[in-house]
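These notes are about the structure you will find just below.
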Amino acid sequence: MARAKFERTKPHVNVGTIGHVDHGKTTLTAAITMTLAALGQATAKRYDEIDAAPEERARGITINTAHVEYQTEKRHYAHVDCPGHADYVKNMITGAAQMDGAILVVSAADGPMPQTREHILLARQVGVPSLVVFLNKVDMVDDEELLELVELEIRELLSKYDFPGDEIPIIRGSALKALERMQANPKTQRGEDPWVDKIYELMDAVDSYIPTPERDVDKPFLMAVEDVFSITGRGTVATGRIERGRIKVGETVELVGLRETRSTTVTGLEMFQKTLDEGIAGDNVGVLLRGIQKNEVERGMVLAKPKTITPHTQFESEVYVLKKEEGGRHTPFFAGYRPQFYVRTTDVTGTITSFTADDGSKPEMVMPGDRVRMTVELIQPIAIEQGMRFAIREGGRTVGAGVVSKILK
């Protein structure tokens, strides 16, 4: 048992492989697990085990994602790999598997391709903070100059989408060659095979270049209100799950969204009918609020540390629109479409005022299955921040999912 306890002392980081179809994302994922399995720090996974990704549902959308876990000397990782391009788009937009950093896989034989570009853009828009590049299939390219050109092209593309193209580590290797060596000799250690060493080199880069994320408990307090009731003689209680941060009795919080923002003091905290000194991220709590009437709080508001979040009505977002087969709309929609936007705990009506495609063109309409950037105007202000996820609903069913990329008003 001591061992399991020791493992939990390592910081946990969520990563994933992104990049164009057939550039070797899944092969690389398999190579990483097999390489680290030789150190007893992962369970080796075959390509077909990862490729047969289980279905998940996130914000009403079915996504195929495979999760593997492994550790290095420094950290414990959860790694997500999606089989299809559409699954990546959906996963990144819904945040089904939130990534603290990603490994961008680019085939040296092909260079950056359309999905390479799209995944970099998505990573930027949905807030994946850092990328490391694995230049794969270098065994198929004899020309050093060609490799340097491909690297240059990748760095320019990264810079174009506001990643630090000049400093991002690019590791050259061959996931397939490393995998073949590990399959031939599963005990291969560092220093025994040049291709396997490239996998170690990649993991060193991931360890050092992708920062350890700030834990949710260390972020400013936020709780979306799910329910409200009053306790005779004591006041009004708002219940919900603490999304981030921590809260103690006596602290000041703001009620944000739907109405004028107002301040109040926490006079009591309860969890499972017991009083609590401090609530932390992940707890489902009841918060007793001083001087607030039951009719002044409603579902859809948030309780937050003062001055950390503000109410807004207009924003830009990256959106995936569900296909008919996914339970989405059967017909396209046009600018002026007015669905519900489900944010945290509530639906708010809003108008989609305009949309643009990736290349900056303005399509006349949005078809089921499309990914677009859209500008939204809500009829009521609610607490919104960049990187926040939401669902688009119509008559109670999900027709799209999105992430806020920019606040306008």
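Placed from the backbone N, Cα and C atoms, the Cβ positions cover glycine too.
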The annotated region 'G1' range in Swiss-Prot, which must be one of 19-26, 211-218, 307-314: 19-26
Which listed span Swiss-Prot calls region 'G2', if the choices are 60-64, 155-159, 370-374: 60-64
Sparsest Cβ surroundings (other CB atoms within 10 Å) among the binding-site residues Lys25, His85: His85
Reduced DSSP assignment, Gly19 (GTP binding site): strand
Distant-in-sequence Cβ neighbours of Asp22 (GTP binding site), under 8 Å, six or more positions away: Ser107
